[in-house]
Amino acid sequence: MYTLFILSLLCVLVTFSECKYPTGPIYPHKPIYPIRPVRPDPCPAVCLILCHKGNIHDKNGCPICRCRPDECALPLKVGPCRARFPRYYFNFMRKRCEFFFWGGCLPNKNNFETIYDCQETCGYAERRYPYPYIKRTY
């Protein structure tokens, strides 16, 4: 019982870091390895797959994931109406913004008025890896 109290007291005293394992109060130079992660990964799984080359790191050395928003992975949707509004969408397979005529109703979020808006939102298409599901190591 006394041991359990000491262990729970140590757990309270441990300082946590976002990216590194915490260190204990008795031996500050030795890391304490938690049973489960301290925090979930700041980048969701889809971000880790779709992130482009050249991620940056914050002051603690944690990667800051700059990911393509979800709307960029949506398929082209012209809609059921018969108007012909010039629009752009991000072609996920080709990794670039492409022109299409939108019907005028029921769009999805992968529908941009200008190529600039498309590139700004889904951007870095020209600088992306040729295959998004292969993780390169440098």
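Glycine is treated like the rest: Cβ placed from N, Cα and C.
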Looking at Swiss-Prot, which of C62, C65, C97, C105 bridges to C81 via a disulfide?
-> C105
The mean pLDDT across the domain 'BPTI/Kunitz inhibitor' (72-122) is 92
Based on Cβ atoms within 10 Å, give me the single least packed residue among the disulfide-bonded residues C81, C118, C122.
-> C81
Nonlocal neighbours by CB distance (under 8 Å) for C105 (disulfide bond), same chain, sequence gap 6 or more | G79, P80, C81, A83
State the three-class DSSP label for C97 (disulfide bond), counting H, G and I as helix, E and B as strand, and everything else as coil.
-> strand
Cα distance, C122 (disulfide bond) to C97 (disulfide bond), nearest Å?
-> 8
